[in-house]
Amino acid sequence: MSQNPRTPQDSDGNHAEQLLRSTSRDEALEIAIKAAETSMQALKLSTDPNEKALLSTRFNQLLQEAEKIKFNPNWRQELKESTSSSVDQHGDSRTSPPANRARRLKEPKSSRQLPNREQILLLKAGYLNGFKFPPWSNAPDPSEFELKDGESLYEDDSELTLSEFQEDVLDDWKRPHEALPPPTWFPGDRNHLGPSMTYSRKIDLVQDAATDCSVVASLCSGIARAERGHAKILRAVVYPYDDASGHPIMSKNGKYVVRMNLNGCYRKVVIDDRLPVSKTNRVIHVVDRHNPGLLWPALVEKAYLKVRGGYDFPGSNSGTDLWIITGWIPEQVFLQSDELEPDKFWKRVSRSFSYGDVLVTIGTGRMSPKTERELGLASEHDYSVLDLREIDGQRLLLIKNPWCEGTSWRGRFEREENNTPDVSSQTGEHGSVDMDSDAKRAQSSRDLLNADEELSPGTFWMDLDNVLQNFDSIYLNWNPGLFAHRQDLHFAWNLSASEQSYHKPRNRFASLTSHPQFAITPTKSGAVWILLWRHFKNTVQMDANEEEIASGGADIDLSGHISFAAFKSQGRRVMLGERYLEKGWFVDSPQTLLKLEECEAGVPYTIVPLEQDLLPTEHTFTLSIFSNAALNLTDATAKYQHARTLCSAWTKDTAGGNAHSPFYSTNPQFSIAVPRAMSISLLLEAANDELNVHVKLVHSNGLRIHAIRSRDIVFDSRDYRRGCCLAEFSALEPGQYTIICSTFEAQ
C-alpha cells in the first residue's frame, strides 16, 4: 500500500522538537541548516505556484531561525516562545475562518416607525426612468412565473436604452435560449447549447461592450466570497428561486423579479429575460467566460441597469453598486490621503475579509494613455479584489480586471522565474547566513503566485504598497449583520432658490442654518456608523422635448458632492461647521459613511448633512444608523425659540471696513430691544463668500454709533471670517443695543 510523500510542512512539528532537544548550539544549527536544505530542494522541485509561495516562505523562516541560533545567546528560549505562540508555522495567512468560526449574520431591520410624510416620500421615490419600483414586501409567489394557457411571454413596456456603439453592433433583443451562450462565440449547431442557472466551472464574469465595470467587479467580489466558503450573499436576489438548490431557476413565462436596495429601501425590480445580442464578437451584457450559458448574472445586471437608466449609463463605483445589489454598507477609502495608516488599514480589512464580513473593490484615478500602457492598468476603472493573503511579510491582493480584453498589471514580475536561491551560498563552515543576500535571491511570494497558469486573463496578485501607489480608492462594503440595531430616517432637502425668502448662500463658508439636522442618542457606549444615501431622481434637461418629458426617462443627475458632520452639541442645531467632532470627505458618490467609533452612552450627537454644488432643486435622502445598542434618532432641537431675519447690503457708501477704519461707523447698524435677560446669537451671512465679515453688539441705547470704545462692546464674533460669522452670548441683560455689521476692508 503506497503512501503520499510527506511535505516539509508535515515535518515542522518534528523539526521543532529536534531543535528543542538539541544539546548544543552547533547541533541545533546543524538541524536548522539541514531543514533549510530540505526546504530548498522542495522549492526547486515544486511546480505549483501556491505551493512554491509557501515553500519560499518556509525557506526564509528557516534561514531566520538559523540566524537566531547562531547569533542570539538566548536562542533556545526564543525558539520555545516562537514554537508555543505560533498560530501558523507555515506562514500561510488564512483567507477564510475555520469552519467552526464561519457564520451567517442576520441583517438588522430599521426599528423606527415612519411618519406619514416619510412613507409618502418612499412611495414617490419608487418612480424612476419611467418605471415603478415599489418597496419590497415578500418574496414573489412561484405562480407569478408560470406561463398560463393562452398567455404570451412576459415583456417589459419598453427596452432599455443602448449607447450609439451598442446600437451599431446590436442584432436584436432575444430570449435566453437564443442569447446564451453568445451566438457569435458558438456559431452553427446550437442543439446542445442553452442558458442555465447553474455552473460546472469556476465563474469568470467579464464586461465587454458596456461601461459597467463597477457592476461586473461587484458581482465578481460577491461570487468570490462564496467561493471562499462563505454563505452566498447573492442568494434570494433573483426570483424565481429554489431554496433547496440555493440558486435561481428558469422562469417559464420570461418574467424575473430582482430585489434591489434603492432610494431608501429594498425595492422590487421586474424585468423580462430578453438580452441585447450582438451581431459581432462583442458582447453587450455581462458573460461568464468559463460558463457562457450562465444566465443569472446578466439578469442582475439588467435589473441594475433598469434602475440606473439603461445599458448606456455613464458608470458608477463598486461601493455604490454593491450597496444597491446586496445592501452591504459602503465605505470609500482614499488611498492618497495623508490620514491613511497602511498597517492599521490592512489589519482591519484582512481580518474582516477572512470572516467574509467585507467585500473589497478598488478603483483607479485618471491616467494618461502612456501611463495606462506602462502600468497595464486602465484609467478610471474599477477592479474586483478576489482574495487577500499575507505571506512572507508580503500583504497581497488578488485583483481582477472585469473587462474581457483588459490587461494585467505589468509590475507583477520583478525577478526572473528561475532565480532560485542556492542554499549552499547561504551556509559557510558553521552555517553562517547572509540574510540580506537571501532576501535579494528568494523569489517573492507575489511573483510565484502570479506565475500560476490557472489565473484568468486580467487577474493578478499585487502587493499593498503598489496598490497604494497605483489606485485612488478602495471601496469596502461591510456586512450589515455586524450590527444588531438599525434606524432609517427619510427626508427632503429643498435647495431651490425660490423657496428662500432671501438669497441663502451655498458655499463651503456658508452657515448650516438651512441644513436638515438630526440628533442621535446611544443608550450604551460604542461604535455608531451613519450612512447618508442620496436618492436617484430624474432631472428634466432644459432642452428636453415633450416626448422626453412625458416618458419620465430623463437623466439621473448626480452632479455635486455630499458629506456630513457630527457635533457634540447636546442634540441641538448648529450654525457653523467648524467645531465638528467628526467630518466625512466630500464625495461624488450617492452614499457617504461617517463612523463614530467611541460614542458615549446617553450623550446626544447632532448629525448635519453637507453639500457642494447639488442642483438647486429638491433632493431626497435616507439617513441609516447602524449600532450594537439601541439609540434614539430624532430631529435636532432648535437652540432658540425665536428667530428674526433682516436683509441689508454693503454699498460703496455703507461698507466702512473694520473698527480701525475711519469709516467704520458707516457700516450697516441695527437696533435691538431685549425685554429680559436671555441667551442670544447673532449670525451674519454675506452672499459673497469672498468677503471677510464681522458682527458685534454694543451699548448705545439702540442709537447709531459714530465712535466705539472697548468698554461699549458687549460681545462680538471675534476674528473676521469668510462668508459668515457668529456671535453668541449666554446672559444678555435687558436693554437697548446696537448691532454693527462690517467687512474687513472698506469698499
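Yeah, the Cβs are placed from backbone N, Cα and C, and that goes for glycine too.
What TrEMBL records for this protein:
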- C213: active site (ACT_SITE)
- H381: active site (ACT_SITE)
- N401: active site (ACT_SITE)
- 431-441: compositional bias 'Basic and acidic residues' (COMPBIAS)
- 130-480: domain 'Calpain catalytic' (DOMAIN)
- 1-23: region 'Disordered' (REGION)
- 74-115: region 'Disordered' (REGION)
- 414-445: region 'Disordered' (REGION)
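Shown are the active-site residues C213, H381, N401; of these, the residue with the fewest other Cβ atoms within 10 Å is H381. Comparing H381 (active site) with C213 (active site), their Cα atoms are 7 Å apart once rounded. Taken residue by residue with DSSP, C213 (active site) is part of a helix. Between the CA atoms of C213 (active site) and N401 (active site) there is a gap of 8 Å, rounded to the nearest whole number. Mean pLDDT, taken over the domain 'Calpain catalytic' (130-480), works out to 88 on the 0 to 100 scale.
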